[in-house]
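Below is one structure, written out as structure tokens; comments come after it.
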Amino acid sequence: MTDPTAGYTAGFTQTHTGPETGQLTESGTGTLGSAFADVSPSADLTQISVGQRLDDFDLLIELGRGAFARVFLARQLSLQRLVAVKISANRGHEPQTLAQLDHDHIVRVFDQHVLRDRDWRLLYMQYLPGGTLLDVGRVIFAGDQRPDSGQALLDAVDIALESRGESRPTQSITRAELATLSWPETVAWLGKRLAGALHYANSRGVLHRDVKPANVLLTRDGTPKLADFNVSFSRNVEGASPFDYFGGSLSYMSPEQLTACRPGHTLEQADLDTRSDIYSLAVVLWELLTGMKPFDDSAAQAARAGSAGLVGDSTALELMLTTRAKGVSSAALAALPGDCPTALQRVLLKALSADRDQRWSSGAELAEQLQLCLDPHARDLVDPPARSWRLRLRPFILPVTALAILIPLMLAGAYNIQHNQLLIVSHLSEQAQNRFALVTTLLNLIFFPLGAAVIVYWCRYVILIPRRLRRGPAPPAETLARARHDCLVMGDRVVLVVSGLLLVSALTFPLLMQYLAGGIPARSAIHFFLSITVCGAIAIAYPFFLLTFYIVRSVYPELVAYGQTSVGEAEQLEGLSRRLPRYLAVAASVPLLGIVAVSFLTASEIAAVIVPIRVLCLGGIAGFVLAYWLSRQIESDIRALERVIRHRAPYELPH
């Protein structure tokens, strides 16, 4: 059985030696000595023993040791509490770095004591008995069976608790939630919290630069906390430089971090940023998901073993860089669980891009995307099945938009023509009928192209940006935000254009008839306005629901997949939700308007148009049922997307 206390060995130490492997093991955290700053203890830490009292601490159990530090479970005498005490040489800026961090998913460091006579630093911090992700990997991938739910994580935590004489929580909301998740969802659940921690640290000017399973500690209920900022770099600590802190575990390093390992390379402060930590976290999550790292470093391992640790030999580094430039190996892709959501695979692959400009730009973005992976409805919208109509129709925005507008307009036009023919045109002279047809044709030839041009221009971001995304790199965040905004108001804009043109037509038609044919009878004008009103209701309600359903279910989620959303966009979704009932009321008015129109007709006129009126009323009822169903579907999609985007709120910190 794995000793979970060994997690503190890796979790609170700077480097370990041993071969890199493709499996979840404590080896694989080796470093190249020539690449790091020379840090050595000023005193022999081996003289420390369990039972000894150092300053304010009684050392109870040794939790782990490494090249430059030892970690003990200790009782702090002044406060009578259990803490983890890390004893190391009094060098570096780790306490100053950690003092800046107060986050739910970062191990809380309380304070430090310095033993001046021995030049030791005693850094005491929160004690977490649940082991590390390294321990979890060892337990769940020990045999041939693979984890299938979050219960596997809880079982591994329970083993760690039992080995330390700790009791497992009897009532825990977090444990109850984890037990219901699939294993890929559990990995996303862990990753979301760690990504939030990285974003928080980066907002405080801190880069971790050694994210690995051994540096993720777990609470009793399985909540992850990021530890060991030994090799981190803080922009806000006076006198700190990236080269002083450079370190980390090779197999989890980003390509730019590996590049900076090359002997003779001068590391500048701007060379590494939070995207390097995001890459490392993605490697950790992939390994936890599949039991193997995403890259095959066997050739690098052989080269490293052959170099016998010669200083200046960078062959292994070059091989590792080459491997990462090729992308995730086919073997690693094949190892993905069968129930792994497409969204999670997409999120991790983007985070593992060799080009850091292609990765998620912040921990907040990564956390948002991992939250999406935890929402079945939202992830199905953003990453639909390969044969889904939503995916297939994404490239056809213009044709779908045209059909969503033209089909209702054609139905409205058919009613309008029939209504006008029976009640207006048939009572006009032959010359007036010809003028009527001329005016109608003239207005259609002017307004239809004009309306189409206005709609295309007004919705150009919705049309062009998704096409650009499919053909090349993502545009700037501002452009994506504009496209998403335009998606949510596209239905309103189309309705505004169509209804505006109908209104202009209603006002222009009588004037042209007056000019060309000497006018039409007042009663005919009333019939004309009534038919235009019915057409307007149809042209407002049905195109809006058809188009909005397509946009929200197919086009908008594609833009969400590229991240860079803001909390304000959740308000835009909420605004669309509030507008739905208004358009639903318009849809409900269509059959009612038909009934109202009858009240203005004589008995003979009713007999003449009874068939169109019946078709209008029955069709209006069917149309309302369709509009109501579409409204419920749109509302459900909005709520799913809103849950994901609102999740970004905790990460948008003031600077």
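Even glycines carry a Cβ here, placed using N, Cα and C.
TrEMBL lists 1-23 with the feature region 'Disordered'.
If you look up TrEMBL, you'll see 11-23 marked as compositional bias 'Polar residues'.
For 57-372, the entry in TrEMBL reads domain 'Protein kinase'.
Annotation comment: TrEMBL describes K86 as ATP binding site. For K86 (ATP binding site), the number of other Cβ atoms no farther than 10 Å from its own Cβ, over all displayed protein chains, is 27.
Among the features that TrEMBL reports, transmembrane segment is placed at 396-417 (among others).
The transmembrane segment annotation in TrEMBL covers 437-463 (among others).
The transmembrane segment feature in TrEMBL is assigned to 494-516 (among others).
Taken from TrEMBL, the feature transmembrane segment applies to 528-552 (among others). If you look at the transmembrane segment (528-552), the same-chain residues 6 or more away from its ends with a CB under 8 A from one of its CBs are 393, 400-401, 404-405, 407-409, 411-413, 415-416, 419-420, 424, 462, 487-488, 490-492, 494-495, 498-499, 502-503, 505-506, 509-510, 520, 576, 583-584, 586-587, 589-590, 593-594, 596-597, 600, 616, 623, 626-627, 630-631, 633-634, 637-638, 641.
Marked as transmembrane segment by TrEMBL: 583-603 (among others).
What TrEMBL lists as transmembrane segment is 609-630 (among others).
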Tertiary contacts of the transmembrane segment (609-630) (same chain, 6+ residues out, Cβ under 8 Å): 411, 415, 418-419, 422-423, 534, 538, 541-542, 545-546, 548-549, 583-584, 587-588, 590-595, 597-598, 601
